[in-house]
Amino acid sequence: MKKWYWFMLSLAVIVCDQLSKYLVGIFLTPYHPLPVFPMFNLTLAYNTGAAFSFLSGAGDWHRWFFAAFSFIVSIILAVWLYKGENQTCLLSTGISLILGGAIGNLFDRALHGYVIDFIDLYYKNHHFATFNIADSAICLGAGFFVLDVFINKK
């Protein structure tokens, strides 16, 4: 496939992520769950930490550390995607999803100082960490990446 396709996939992730965060910011009150289905709420939350609120509340130093880290990873992934020859569809999909998710969360961190999360999955009283579309794309992309490693051992 043409390389622009993979960058369009990353762009689609960024647009969906940012649009969803914009809409939940308009329609939801922070930290007040909106039940959607059993075991699924929409809950607007502000994550100042890393994935799954790791280091949340550790001070302001990590805002720029995580922003810089996301920026560097995004550049590496974009170069890998652009220069990669003979990459499998699975690997290119994984890289594109991770790139889109990293940039989506980078926008939040740079603009707001936190990442906007809103997907709240739970079972009874046990809630998984609240997350967003960018986080989902990163996890799915990482899964594709690992799957490609096992399927296409060289």
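These residue numbers are counts, starting from 1, taken along the chain as shown.
Just so you know, glycine gets a Cβ as well, placed from its N, Cα and C.
Annotated in TrEMBL:
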type     : residues : note
ACT_SITE : Asp117   : active site
ACT_SITE : Asp135   : active site
TRANSMEM : 6-24     : transmembrane segment
TRANSMEM : 61-82    : transmembrane segment
TRANSMEM : 89-107   : transmembrane segment
TRANSMEM : 127-151  : transmembrane segment
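All chains included, 21 other C-beta atoms sit within 10 angstroms of the C-beta of Asp135 (active site). Proximity of distant same-chain residues to the transmembrane segment (127-151), defined by a Cβ-Cβ separation under 8 Å and at least 6 residues beyond the stretch ends, is recorded for 13-14, 16-17, 20-21, 43, 45, 47, 51-53, 88, 90-91, 93-105, 115-121. Sequence-distant neighbours of Asp117 (active site) (same chain, six or more apart, CB under 8 Å from its CB) are Thr43, Leu44, Ala45, Tyr46, Asn47, Ala129, Thr130, Phe131, Asn132, Asp135, listed in sequence order.
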